[in-house]
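Accompanying notes for the structure given below.
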Amino acid sequence: MFGIFTLVSIVVIIYLLSAVYGLRVRVDNLERVLLSKAATVQPTAHRESILPGAYVAPLDAAPVLPLTPTPLSVNDREGWWPKFTKWVLEDWLVKLGGFIILLGFTWLATYAFLHDWIGPMGRITLGLVGGTLLLVLGWWRMQRFVHQGSIFIVLGSSVILLTTFAARWIYDFFTPISALVLMFASTFFVTLASLRFRVRSLAVVGILLAGVVPFLTRMPEANDLWLFSYLLVIVLGGIWIVAKVGWRIVTMASLTVITIHSVSYFSINISADIALLFAYIFAAIFFIATTLSFLLRVSSGGEMDDLIIAGWNGLLLLLWILTQASKEWQSLILSFWAVAFLLGAFLVFRITSQRGALVSYGVVGVAFLGAATATELEGAALTIAFALEAAALTIASRLLLGSQSITEKTALLLAIPAVLSAPSIYSFVWRGEVLFNKDFFVLLIMALVLMFVGWYVNRTRRVLGETTSPGNMTIGSTVFVIGTAYAYILLWLSLGVIYRDSVAVPIALFIYTVIGLWCYLNGRIHGERFLRLYGGALIGFVVLRMLFVEVWDMELTARIFTFFIVGVLLMSTAFIGRKKKGEAITLKQ
């Protein structure tokens with residue numbers, strides 16, 4: 001009890017000193033105001049010139065001049081350091097004596113702890129009372145100095161948390177639930193102060209301190225129901241703060257707390273069905289909150305925060321499903337969430353026309369769809385499925401959203417199956433005698449899908465009337481060209497299986513030359529610069545291959561035949577598209 005009395009005495013002394021100094025400052029200000037008013041009403045020099053016994057007019061008879069606002073004095077415009085220095089120098093003997101007494105009380109408390117003058121109950125009581133007084137002091141201080149008061153409030157809450165932690169771990173004073181409630185109450189006070197004085201950083205600190213509380217309670221056994229129910233309260237409180245003042249960083253703080261407590265469950269050796277159920281609830285809450293944020297937004301700010309929250313929420317839920325959900329149900333669960341995210345993103349986009357809403361959970365939904373596919377398939381089947389899904393999403397984005405830019409960006413999803421198909425190009429099966437193998441169908445479907453998607457994207461661009469500069473590569477053209485490259489690779493590998501190299505290579509080069517010449521000549525005749533460049537590039541590939549590779553590797557007879565046939569094809573262009581002398585030339589350079 002002596003320690004409690006000491007702490008209360010120190011707080012009272014500090015409060016009295018601050019109050020006395022505040023009153024003195026207010027009295028000085030009042031005196032300056034009164035003196036300025038008196039000087040305006042009756043100048044001193046005039047009254048001293050009046051003869052003794054003469055009639056003196058009352059003050060009310062003097063002309064009343066309009067009062068002007070008193071300008072700020074030099075002292076009011078000073079910074080915090082000059083003010084602090086002035087405060088220290090005023091009655092410095094009293095302040096110095098109080099500081100020395102404070103040191104004496106500190107050493108007395110330390111001596112009392114070492115010699116057990118204050119028992120365990122007194123120590124815990126002293127810590128709790130001290131933390132509470134700091135909270136009260138911080139609230140009072142924030143009314144004038146927000147930053148200083150915030151420091152006191154965070155310090156007071158931390159003192160209560162550490163004191164309760166020591167009571168649980170060292171003295172075993174509280175039950176886990178009572179300790180949880182006590183520590184949560186201190187963090188709730190921090191959050192309440194942040195709302196009262198509109199301090200965003202204080203709200204974030206309050207959420208983070210609340211998230212640390214379960215680690216300090218030392219529950220005898222893991223209780224997922226109690227733990228995640230408590231975390232649910234934190235999440236709902238954070239969402240309430242965001243709904244009230246719009247601080248999205250508080251939602252990120254809540255996600256941080258959930259992520260920290262989820263890491264220990266991302267192990268195949270731990271099964272937690274209750275925790276997984278709460279993970280679904282958390283994901284749904286953050287999804288609904290982000291969706292409502294897009295629907296109710298009146299300005300364009302905060303989109304990046306919502307994108308981060310959406311991606312973070314989706315990744316966290318994906319890890320929960322892949323590590324805790326049953327293997328037999330993973331694909332179904334992932335498909336359900338994929339449909340939910342895609343449908344929500346689509347509806348918000350159609351209502352608000354905000355692309356951020358579509359990008360946020362639209363990308364998450366596509367990722368979940370890919371994860372669901374990956375859990376069921378593998379190898380060549382997975383590559384083919386990804387290619388078909390990417391093509392279907394491209395068409396759906398055009399039909400449902402009507403946006404050319406979104407359609408073109410969706411087509412870029414074909415890069416995933418393109419990467420997965422690389423092993424099919426270098427597979428050893430092409431050295432055998434079986435043509436229609438799994439790698440054959442991978443390359444065939446990739447070629448067909450890429451060429452179709454490229455054609456479809458370019459067609460939608462022409463339908464919308466969007467044009468590009470001649471020769472510029474669009475996303476649709478790029479996808480189509482890559483598709484033709486897959487077709488050429490498939491032709492080369494298939495001929496290698498059917499024929500020996502001395503026959504397969506000349507046939508492939510002949511076909512490449514014919515296609516290249518057809519594209520080049522059509523481009524010249526119709527003035528399509530892209531088609532002409534494509535044909536010229538294909539012809540250039542054939543010529544370079546012949547000069548730098550086949551001239552060394554090909555057999556002599558095959559080399560003679562190949563060079564003759566390609567040369568004849570190239571020279572025949574002199575007689576294609578030309579007219580007789582004197583007639584206009586129809587070719588467009």
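The backbone N, Cα and C atoms fix where each Cβ goes, and this holds for glycine too.
Unlike curated records, TrEMBL annotations are generated automatically.
TrEMBL has this to say about the protein:
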type	residues	note
TRANSMEM	120-140	transmembrane segment
TRANSMEM	202-219	transmembrane segment
TRANSMEM	225-242	transmembrane segment
TRANSMEM	274-295	transmembrane segment
TRANSMEM	307-323	transmembrane segment
TRANSMEM	329-349	transmembrane segment
TRANSMEM	410-428	transmembrane segment
TRANSMEM	440-457	transmembrane segment
TRANSMEM	478-497	transmembrane segment
TRANSMEM	503-521	transmembrane segment
TRANSMEM	533-552	transmembrane segment
TRANSMEM	558-577	transmembrane segment
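Counted over residue pairs separated by six or more positions, the transmembrane segment (410-428) shares fewer than 3 Cβ pairs under 8 angstroms with the transmembrane segment (329-349), which leaves the two as not touching. The listed stretches are 440-457, 503-521, 533-552; of these, 440-457 has the most Cβ pairs under 8 Å to the transmembrane segment (478-497). A contact links the transmembrane segment (274-295) to the transmembrane segment (329-349), because at least 3 Cβ pairs that are 6 or more residues apart lie under 8 A.
Within the chain, the transmembrane segment (558-577) has long-range Cβ neighbours (under 8 A, six or more residues past its boundaries) at 502-503, 505-506, 509-510, 513-514, 517, 521, 524-525, 539, 542-543, 546, 550-551, 586-587.
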